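Quick notes on the structure that follows.
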Amino acid sequence: MLAEARARDAADPLRDYRARFDLPQGVIYLDGNSLGALPKATAGRMAQVIRGEWGEGLIRSWNSADWIGMPQRVGGKIAPLIGAAPDEVIACDSTSVNLFKLIAAALRMQPGRKVVLSEPGNFPTDLYMIAGLEAQGLAERRLVPRERIAGALDGDVALLLLTHVHYKTGAVFDMAALTRAAHEAGALVLWDLSHSAGAIPVDLNGCGADFAVGCGYKYLNGGPGAPAFAYAARRHHEALEQPLTGWMGHAAPFAFSDDYAPAAGVDRLLTGTPPILGLAALEVGIELAAEIGIERLAAKSRALSEFFRTCLDRAGVELDLVSPADPEQRGSQLSFRHPEAYAICQALIARGVIGDFRDPDILRLGFAPAYVSFEDVAQAAQHLAEVLKTGEWQREEFRERAAVT
Ligand SMILES: Cc1ncc(COP(=O)(O)O)c(C=O)c1O
Ligand SMILES: Nc1c(O)cccc1C(=O)C[C@H](N)C(=O)O
């Protein structure tokens, strides 16, 4: 398979982008869906922001380096990757905090309705944020398995909150169909794009979506704890009232008024002072994704994961695939169920193949299309085949659970 992989790499239109990332020698990185790799340009840009803009410019840089405009500027660069207009996206806070703001804002727009509908097994923070609002008497959480979601959209549902690409299985929801169904039932929709942005095409405006959030540190390669993003369709801007009414979301923050008045547009989603270093790193990652283009990223992502399955087949490995077999129906990952998934994952990491484990029995491998090569994929499949055949995962050292998996 190695020869075939090398031929595919040679013909890959994205082959030169791998060199734009700092990847350690001897590592095959299949976890860009949890923490994206480091773009080479990030260190230089960070040095410039730290030494020049912070060290030299000091507080003047809020104006001279336009720090104050960074949430809007960076958000605007994310917009084309998710089918939004630049003035509909803002980079700020964490995905969790943005979920809280937008769930609460959506509930305020739906008097007489309290139900937030989602699915069991959605990413925990999404479910916990609904529960947090429920504890305050503001929401009522309703969880329904994905096959029955459309049928559960009744007149009590204020908001449908779904993760577009499921973090564990990689299964993709039909955004257009579910957004339509929600609107027909009088509900609003909030999409969590954490595992979509920078990996597969998303058309928020084409689908008529109301709200969206997503992470900056996965396929956007913004670095650990990078700022997240929030999207609100333009038609909702005027009515949008979010609960974290901090001064940066004020119409005139530097008027220092005692009374809150929301800024126009998505700016009102801001809360406190923007994290400039994090935004600067995120901007580099987004510019790289934008330069490659989402269609090319998605095409390579599908080709990589399909090639991985072919390699496993040819190596005679039979694993229980929990991701959809159709690459159009999944994000940029393949997840396999195995009772010893944790130990297998650790054995792979010991061989330099970094994927991850999701409790209780999922081995999850992400194929970040900007920097994973076909050769990586062939070698990773070979390692997995060997780990399974030799039973190497049974070693005691691979069973000890780390704090972060
Ligand atoms: C679907 C999804 N939503 C939200 C989050 C978390 O967001 P935060 O950055 O707030 O931890 C993650 C991953 O951590 C995720 O996979
Ligand atoms: N955000 C993470 C973190 O701070 C530590 C470890 C992992 C993460 C993740 O992003 C997990 C990820 N959202 C997932 O899909 O499982």
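From the backbone N, Cα and C atoms, a Cβ is placed for every residue, glycine too.
No curator has checked TrEMBL annotations; they are predicted automatically.
Pulled from TrEMBL, these are the features on record:
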BINDING   THR95, SER96, PHE123, PRO124, THR125, ASP126, THR163, ASP192, HIS195, TYR217, TRP247, THR273  pyridoxal 5'-phosphate binding site
MOD_RES   LYS218  N6-(pyridoxal phosphate)lysine
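In the three-state DSSP reading, PHE123 (pyridoxal 5'-phosphate binding site) counts as coil. Of all residue pairs in THR95, SER96, PHE123, PRO124, THR125, ASP126, THR163, ASP192, HIS195, TYR217, TRP247, THR273, the annotated binders of pyridoxal 5'-phosphate, the farthest apart have Cα atoms separated by 31 Å. If you take the Cα of PHE123 (pyridoxal 5'-phosphate binding site) and the Cα of LYS218 (N6-(pyridoxal phosphate)lysine), they are about 15 angstrom apart, rounded to a whole number. Its Cβ placed at the centre, PHE123 (pyridoxal 5'-phosphate binding site) has 19 other Cβ atoms within 10 Å. Checking the recorded positions THR95, PHE123, THR125, THR163, LYS218, TRP247 for a CB within less than 6 Å of any atom of ligand 1 leaves THR95, PHE123, THR125, THR163, listed in sequence order. Close to LYS218 (N6-(pyridoxal phosphate)lysine), meaning Cα to Cα within 10 A, are the following binding-site residues out of THR95, THR163, HIS195, TRP247: HIS195. Here the binding-site residues are THR95, THR125, THR163, and the one whose Cβ sees the fewest other Cβ atoms within 10 Å is THR125. Proximity of HIS195 (pyridoxal 5'-phosphate binding site) to non-local residues of its own chain (separation of 6 or more, Cβ distance below 8 Å) is seen for ASN33, THR163, HIS164, VAL165, HIS166, TYR167, GLY170, LYS218, TYR219, GLY331, SER332, GLN333, given in sequence order. Annotation for TRP247 (pyridoxal 5'-phosphate binding site): spatial neighbours PRO253, GLY272, criterion Cβ-Cβ under 8 Å with sequence separation of six or more. The Cβ of LYS218 (N6-(pyridoxal phosphate)lysine) has 28 other Cβ atoms within 10 Å, all protein chains considered.
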